[in-house]
Amino acid sequence: MQGLKQSIITSLWFMFLTFPIMVVRVNTIENTVEWRWMNLAYVGVGIFILSFVWRWALARKEAKQYETETTDKPKKQLWLSRAMEEPAVAKPALAAIFALSVAMPFLVSTYQTNIFISFLLYVILGLGLNIIVGVAGLLFLGHAAFYAIGAYSYALLNHYFGIGFWVALPLGGILACLGGILLAFPVLRLRGDYLAIVTLGFGEIIRLVLENWSDLTGGPSGISNIDRPGLFGMELSVADANVYIYYIVLALAIITMIAVQRLKNSRIGRALQALREDEIACQAMGIDRVNVKVMAFGLGTAWAGFAGVIFAAKTTFINPASFTFMESAIILSIVVLGGMGSNLGVILGSAFLVLMPEYLRAFSEYRMILFAAAMVLMMVFRPQGLIAPKGRKYHVDDPDLIKEGDA
Amino acid sequence: MSTVLNVKALSKSFGGLRALNDVDLQVNSGEIAALIGPNGAGKTTFFNCITGIYEPTDGDVFFTPLGATECRVNGMKPNSVTELGMARTFQNIRLFKNMTVLENVMVARHCRTKAGILDALLRPPHVKREEKENIEKSYELLKYIGLNKHYNDLACNLPYGDQRRLEIARAMATEPSLLLLDEPAAGMNPQETASLKELVLDIRDKFNLAILLIEHDMSMVMSLSERIYVMEYGCLISQGTPEEVSKDPQVIKAYLGEESHA
Ligand SMILES: Nc1ncnc2c1ncn2[C@@H]1O[C@H](COP(=O)(O)OP(=O)(O)O)[C@@H](O)[C@H]1O
Ligand SMILES: [Mg+2]
């Protein structure tokens, strides 16, 4: 009853708010005012129903929370992450996905291949940022700057010295990594919002330097005619070069996934997680805070450098407009949406934020609205992200434990 | 009997507030000592000063790890102090909540293991061995503390009493020569407190450690400790054996007196 009343008030309020834009229309040709009363009814009924659904979902969520708090049951995982824990499911699934991604360029058009290249680039960027934000818990808003460092390293080296892709690839990664380490020192003492603001500022500084140092970087018009990666000196057609780049990105994405996974489950990775959980306890357990923070930045930004080099090689043209704050925000959204610290989450997040908009071109007018709505819904109903962090499970052989379990 | 911890005229000011004032304190090897005093007396601040979390305003902290020479630790970073062999727990539990119970203990072995970034990426045999050994040793400790059943659970899902015990396991994993416990029995029920008492005694005997304990539970303090230091308003007001301290009129007035009225 209470809910009914609230829903009616909400829908009346929305009808009032949207009245000027939804109902009144001035016909400038005939100089008359049209009153579209049907629209008012649509808004009213629509909001009424939405408000009901919203309240039902919230109530369900609270009931669930109450249940887990009182019954001590472990939090429910998304079915996908549970399935991935079963080796019988995970292995064939991974093999199938791998086979599919290898065959991809021959199954789809060049246009589609291009979309998948950018999807994989975002996966790499997301995995890198995940080390900083998800694993080490440092809110970092300047990832696009390191993407730019990678891209411009290759573009400039290629433009001025004719250095090829395969030499530039490691160099771009190393330069971005060094940039990350340099940035780490001044922000050592900062946490949370303050760190976010400084890294955001750093990102903008890099972009502005690229934009204004016209003699070197070509300013806003950027650098064009960057060489595509060479394949033993063969000249590749544009379509073939695209396929070739697809395989390079795929390989790098797989390498990144394995590397990040290994890092996360190593001595260093655990130290990073400890830093995220509690900085003081982390130090008290013998972990050097400075070391670990510098490592987090360097390890995270290096991947952005690699991705940047590939991006430059793919588009053969770069300018500062590709590395705005919007880019950092999208990469951060990928990490947050997917679930902080989870690699599978990053892939899902990129799929959601990069692939979906491409395939839902029909809705492109409402893209930003859908994007925002998705984020708000996430924050309310699944703040831990699609894949919730749950800690690495180890297996210890202990006969006593099994006996106790049987008894 | 040698001194493990030797604190001389330690002072700490927060702006105008003198939280520690000329505190002298010794802990001998193999000894359980207790630091007591009303809330706000500066006990936690004392721990923070000797473990490097705060830098003392004045005074010296000398620490002698087992089988090593004495060194002055004030001004050192907390992780270096831990590496030397001083481990602590926290009054307000500071576990790594979103990591598993086993991971919590494994993290604490950070300064006793060596694997770097390249080792993590390439996983050569000696690193795999180190990792395996780390898991085994951490698991052994959990078994010793009695938390091995929960080793794959998230730390935040443990009951409160077990979280306190996990903090002790985590501190033990750093292989300390001196263990600092900040109100380990706070919030525990009587059974848990009793088993904690056993545990503290057993740890001392088994690992041959010195233990310095902050505690409000008087029965626990009186039965466990060989020596008691009493603080009030940042100053040491009494010290000695449990009998001596419990008879000291100043202590009765400042601390035990409150209890007898209550
Ligand atoms: N970081 C700090 N900044 C300012 N004052 C502090 C800080 N830490 C502790 N204090 C003050 O120092 C005094 C001693 O606190 P504490 O050591 O926590 O007492 P205890 O552990 O004996 O209950 C208190 O008055 C407290 O407010
Ligand atoms: Mg205290």
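Even glycines carry a Cβ here, placed using N, Cα and C.
Remote same-chain residues near the transmembrane segment (A:7-28) are listed as 34-37, 39-40, 43-45, 47-48, 51-52, 55 (criterion: CB distance under 8 Å, separation of at least six residues from the stretch ends). What TrEMBL lists as transmembrane segment is A:7-28 (among others).
For A:40-58 (among others), the entry in TrEMBL reads transmembrane segment.
Look at TrEMBL and you will find A:88-108 (among others) tagged as transmembrane segment.
The annotation transmembrane segment is assigned in TrEMBL to A:114-133 (among others). Residues 101, 104, 108, 139-140, 143, 147, 242, 245-246, 249-250, 252-253, 256-257, 260, 263-264, 272, 296-297, 299-304, 306-307, 310-311, 314, 330-332, 334-336, 338, 340-343, 346-347, 349-351, 353-355, 358 of the same chain sit 6 or more residues outside the transmembrane segment (A:114-133) yet have a Cβ under 8 Å from a Cβ within it.
TrEMBL lists A:163-185 (among others) with the feature transmembrane segment. Within its own chain, the transmembrane segment (A:163-185) is flanked in space by residues 142, 145-147, 149-151, 153-154, 157, 199, 202, 227-230, 293-294, 296-306, 308-310, 313, which lie at least six positions past its ends and keep a Cβ under 8 Å from the stretch.
TrEMBL lists A:243-260 (among others) with the feature transmembrane segment.
Long-range contacts of the transmembrane segment (A:294-317) within the same chain, counting only residues at least 6 positions beyond its ends with a Cβ under 8 Å from a Cβ of the stretch, are 114, 117, 121, 124-125, 127-132, 135-136, 138, 140, 143, 146-155, 158, 165, 168-169, 171-181, 183-185, 222-229, 242, 245, 248-249, 252, 256, 260, 263, 268, 272, 275. The transmembrane segment annotation in TrEMBL covers A:294-317 (among others).
Annotated transmembrane segment per TrEMBL: A:329-356 (among others), in sequence order. Here the transmembrane segment (A:329-356) has Cβ contacts under 8 Å with residues 80-81, 84, 115, 118-119, 122-123, 125-127, 129-130, 133-135, 137, 140-141, 143-144, 257, 260-261, 264, 273, 371, 374-375, 378, 384-389 of the same chain, all six or more residues outside its ends.
Sequence annotations record features per position, and here TrEMBL assigns transmembrane segment to A:368-387 (among others).
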Top partner of the transmembrane segment (A:243-260) among A:40-58, A:88-108, A:368-387 - counted as Cβ pairs under 8 Å: A:88-108
